[in-house]
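Let me begin by presenting the structure, written as structure tokens, before commenting on it.
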Amino acid sequence: LFGTIVWILVASTQVPLPLLQGWVMFVAVTAWFLSIVFLSVFLFGYANKVAVNWNQMDFIFHGATFVFYFGAFLLQAATTSLHHFPRKCNATMQERILNGHEYNISIAASV
């Protein structure tokens, strides 16, 4: 659920730094997809057919997801912290990297 929310929030911004926010999107989409696969394994009864320590698999999956989401949080927060820098240096008008609405969306995606 939260991965889907991050996915929507990051996708709704204009993505001023594609490299940073691309990694955030990759983590959110990959974690969402693997969570659906992990849930399907249990819902369809494949967990009983495969001889794997599912407690250990759950611990490893959530540990890896935590590490990747924490890294994505740092990158999203770094992108959000750059909101006051100008995107284009023009003598007549300075357009910021993130406007007020996108700044609020980026804060929500970071949290």
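Including glycine, each Cβ sits where the backbone N, Cα and C put it.
Listed in TrEMBL:
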type	residues	note
DOMAIN	1-111	domain 'MARVEL'
TRANSMEM	23-47	transmembrane segment
TRANSMEM	59-78	transmembrane segment
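Residues 6, 10, 20-21, 23-24, 27-28, 30-31, 34-35, 38, 106, 109-110 of the same chain lie 6+ residues outside the transmembrane segment (59-78) yet bring a C-beta within less than 8 angstroms of a C-beta in it.
On the 0 to 100 pLDDT scale, the model's mean across the domain 'MARVEL' (1-111) is 79.
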